[in-house]
Amino acid sequence: MRGFPLLLCLLSVSCWVDLMPTAGDRTFHLGACRVSVNMAEIRAGFTAIKADIQSRDPIRTLSILSHPRSLHRVKPSDRCCITHHLFTFYVDKVFRHCRTEDPFVNRKISSIANSFLSVRRKLGQCHEQNNCVCGEESTEKFNQILANYEGLNVTAAAMKSLGELDILLDWLEKSR
């Protein structure tokens, strides 16, 4: 019984540390959902590989995320929905097809993918609780992004989408 108070104290401190946001975490209010994202970690990983990834993009005249009206003027009520769709899109389509011969680049891609997977889970919980409603406009915007992506071969589309990650991150931070 003597060690019980010490054990209780250590358990409390451990739980408290786990619940504290890390230095790079930012909380985004997406409609009725709040999502914490470690933007510093994602940006650092992307910055480390951005030049390499963008140099692999053979089609510089086309954009997947910057197509007119894709991410511009999204209603606050639609931000959760389109963000959930985009993070799912990146996890399910983009990161699966982004492999290079460079182990460093692959590790960075994997790290970014893990961060996206974590955010997608949080957004998925909101979506399941009906706090992340999809309006017609957000569905149309996401369908345009999908059409842009599917107009290219899988590998080129994945590399282009990864190379445009800063567009998504900038949009997310502006919509805060």
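Even glycines carry a Cβ here, placed using N, Cα and C.
Copied over from TrEMBL:
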| type | residues | note |
| --- | --- | --- |
| DISULFID | CYS33-CYS126 | disulfide bond |
| DISULFID | CYS80-CYS132 | disulfide bond |
| DISULFID | CYS81-CYS134 | disulfide bond |
| SIGNAL | 1-24 | signal peptide |
Original post:
Of CYS33, CYS80, CYS126, which disulfide-bonded residues come within 10 Å of CYS134 (disulfide bond), going by C-alpha to C-alpha distance?
Top reply: CYS80
Subject >> C-alpha spacing of CYS81 (disulfide bond) relative to CYS126 (disulfide bond), in angstrom >> reply: 10
Original post:
Any idea what the Cα distance is from CYS80 (disulfide bond) over to CYS33 (disulfide bond), rounded to a whole Å?
Top reply: 7
Original post:
Relative to the Cβ of CYS33 (disulfide bond), which residues of the same chain, six or more apart in sequence, are found under 8 Å away?
Top reply: CYS80, LYS122, LEU123, CYS126, ASN131, CYS132
Subject >> Residues near CYS81 (disulfide bond) in space but at least six apart in sequence (CB under 8 A) >> reply: GLY31, HIS127, CYS132, VAL133, CYS134, GLY135, SER138, THR139
